[in-house]
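Q: Okay, here's the structure, questions in a sec.
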């Protein structure tokens, strides 16, 4: 009884932690490791969705902590009008709270379940899906579970891709440059995924887009059978029928998407050039995950809105996920940019670090612009292979004597960015760097500070 009382008391404390900023409402959905609730931001009155994850259950399942980190990292990478946005991540000792954009219109699946869509409606949703998927692929992200159940609608009827739990990043590729994990929903999965011989995640996503388009236009699946083996046979042969009510242009697009050979499957640029797709298409404007225009908004989300403070931003608890592991391992903090970010620790104050970075950047021929708090934007003065390279740098103080500095790719060529971080700036920063990400220096005793850190 006493133990149960303590657990209930702990739950109340955690609810107050969330309710201090968010009001929890009805349960929206539930999975093996998480529950998703409707919530309201008490500061702005906006509706949000809050995913509540139990850390103990994560720890008991091998690989789930890393999968959660990767999912959140990916959501931060792919900020786009047609992707469900992540607002912030909070944590207590027992739970992680992922605060996301709330899609009031529910699943696209619910619309299709009532019957097929008109071609005009199907086209609009498909245009938004392709725009989102193309953006994700441009960031190196393959979704791997595209289906109407993972496509939500906001109150304006705008499509939002969600559920990046199975998504893959470039570092998950094997030496052959392919993915090998078989995942996804069978009826929507590409034949090369089912064959377990390695596959290109982006090309596999396009097959799934083809199945989604078919479902929107027809109201049923192209490959379906109560026996999985027979359904797989249909998928391997691309054996399906297009109903007569589907227009010729739409039919031709489906045929080019549902091609068994991934090398011959239509690409996203080719999709966007087809007459059927181009009709009425207005490309959405994506939001850069580290754009200087978003600095102030990010500060409000992470700092609790103290726009007058010029102190370094401290990390929230989830950024370290420190209560999931022992020691002072910062490697999990900065996965939001994956390849497009480099991190080092320093024992110098954040102000000194930024001042040094500004001097080094200018010495390399970059213009330097200070942002709010301890943020700095460095921009090349000449065009590179893919426009002008721009790098955003931010210093965070995770303890009184430890600062963490993150480089993030803002614009320009990724290879040039990697060279900038790995070669160009390192010599000039040698006197302030304690360790680069991946090193294992002897760390000071700051575990308590990292567990309890909160917005400044």
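From the backbone N, Cα and C atoms, a Cβ is placed for every residue, glycine too.
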Q: Quick check on the annotation: Swiss-Prot has 28, 29, 30, 31, 32, 33, 34, 35, 36 binding ATP, so which of 51, 55 does it put in that site too?
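A: Looking through 51, 55, the residue Swiss-Prot assigns to the ATP site is 51.
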Q: Out of 163-192, 193-222, 223-252, let me know the one Swiss-Prot marks region 'Activation loop'.
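A: It is 163-192 that Swiss-Prot describes as region 'Activation loop'.
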Q: Please find, within the list 309-338, 339-368, 369-398, the residue stretch that Swiss-Prot describes as region 'PPI'.
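A: Going through 309-338, 339-368, 369-398 one by one, Swiss-Prot flags 339-368 as region 'PPI'.
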Q: Restricting to the region 'PPI' (339-368), report the mean pLDDT as a whole number.
A: 84
Q: Please indicate, using numbers and ranges, the residues of the same chain that are 6 or more beyond the region 'PPI' (339-368) and have a C-beta under 8 Å from a C-beta there.
A: 140, 170-171, 312, 330, 333, 374-382, 391, 393, 395-397, 401-409, 414, 417-418, 421-422, 424-425, 428-429, 432-437, 441
Q: Report the residues of the chain - excluding 28, 29, 30, 31, 32, 33, 34, 35, 36, 51 - with C-beta within 8 Å of the mean position of the site's C-beta atoms, for the recorded ATP site, in sequence order.
A: 52, 53
Q: Would you mind pulling the longest C-alpha to C-alpha span across 28, 29, 30, 31, 32, 33, 34, 35, 36, 51, which the record has binding ATP, in angstrom?
A: 14
Q: To the nearest whole angstrom, what is the C-alpha distance linking residue 36 (ATP binding site) and residue 145 (active site, proton acceptor)?
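A: The separation of the Cα atoms works out to 19 Å.
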Q: List every residue in the same chain as residue 145 (active site, proton acceptor), at least 6 positions away in sequence, whose Cβ is under 8 Å from its Cβ.
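A: 163, 165, 166, 167, 183, 184, 185, 188, 208 - these are the non-local Cβ neighbours of residue 145 (active site, proton acceptor), listed in sequence order.
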